[in-house]
Structure formats: C-alpha cells, structure tokens
C-alpha cells in the first residue's frame, strides 16, 4: 500500500489568508510571505482572498464567517503576531486563538494553518517573520497547500 502524501501545489486551489493588523510591520511580512508562497506554487490571484482583522483575537471569528458564508476555500492560513508582555493577557489571547483556529479546522474539516507568531519579544518575532529564519507565513502557506492536496486525495484511493 502506497502512503498518501500531499504536494504543495496552488493551481486550482482557493485559499484565504486571514492576517491581523496589530504589530503590523511583522504581521505584514507574514501575510506577504504567505501570498508570495501561494504564487510561487502556481496560484492564481483570483483564487486568493486576503482578509485583515484588527488583532489576533479576531482571527478565528473572521475565519468562521468566511467559511460559513462562502464555503469556497480549500485551505486558510491564519497570520498574526503576539508578543509576550508583563501580564497574563498574552497567554489568554495565544491560547484562545490557537484553540479557535484548531476547532475551526476540525469543525469544517479544512486545513487551517496557524502562522501566528507567539514570541517573548520583538526580536524573536522578527526572526520568525523571515529576518533570521523561515517566514512563518510562507511555511504556513506551504503546509496549507500540502494539506489541501492531501485532502483531495483522501477517499480516491
């Protein structure tokens, strides 16, 4: 038996990127990285929807609205930036956003990747946005495309 494995291909794949605006210089890099990766893998501009929300907390709600009203996407990439502060606010938001995105992925049986940076400081966040390492938005898009491809194979074998 041959194992099923998806390939990162964007041709004929409809994807949404939901990105937060808070910490916009870094968040913008994540969204741009996801967008560039979509095009690098053959995506058509008309098959990509980009939605910007005020902060990371709003990401799950925006994804749910997109999926509930259109149902036209093969995958979603969630992009945002959370920087740890001196209060517990960071932990509450990070946990809530991660749980919300995960729950939506399961509820809609759809690949939704978590490209939300959770970092102890701005320097670490910049590193995860592609300054000293991979851009988390780009890697999230590649994963989303691989999973969309895999989902198209499941049940056809």
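Including glycine, each Cβ sits where the backbone N, Cα and C put it.
Record features, source Swiss-Prot:
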- 22, 56, 57, 58, 81, 82, 83, 114: 5-amino-6-(D-ribitylamino)uracil binding site (BINDING)
- 86, 87, 128: (2S)-2-hydroxy-3-oxobutyl phosphate binding site (BINDING)
- 89: active site, proton donor (ACT_SITE)
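Each of the binding-site residues 58, 86 was scored by the other Cβ atoms within 10 Å of its Cβ; the lowest score goes to 86. Between the binding-site residues 82, 83, the minimum number of other C-beta atoms within 10 Å of a residue's C-beta occurs at 83. Among the binding-site residues 22, 57, 58, not one has its Cα within 10 Å of the Cα of residue 89 (active site, proton donor). Other Cβ atoms within 10 Å of the Cβ of residue 81 (5-amino-6-(D-ribitylamino)uracil binding site), summed over all protein chains shown, number 29. Each of the recorded positions 89, 128 was scored by the other Cβ atoms within 10 Å of its Cβ; the lowest score goes to 89. In three-state terms derived from DSSP, residue 22 (5-amino-6-(D-ribitylamino)uracil binding site) belongs to neither a helical nor a strand segment and is classed as coil.
Maximum intra-site Cα distance, 5-amino-6-(D-ribitylamino)uracil binding residues 22, 56, 57, 58, 81, 82, 83, 114: 16 Å. Reduced to three states, the DSSP call for residue 114 (5-amino-6-(D-ribitylamino)uracil binding site) is strand. Under the three-state DSSP scheme, residue 57 (5-amino-6-(D-ribitylamino)uracil binding site) falls in the helix class. DSSP assigns residue 89 (active site, proton donor) to a helix.
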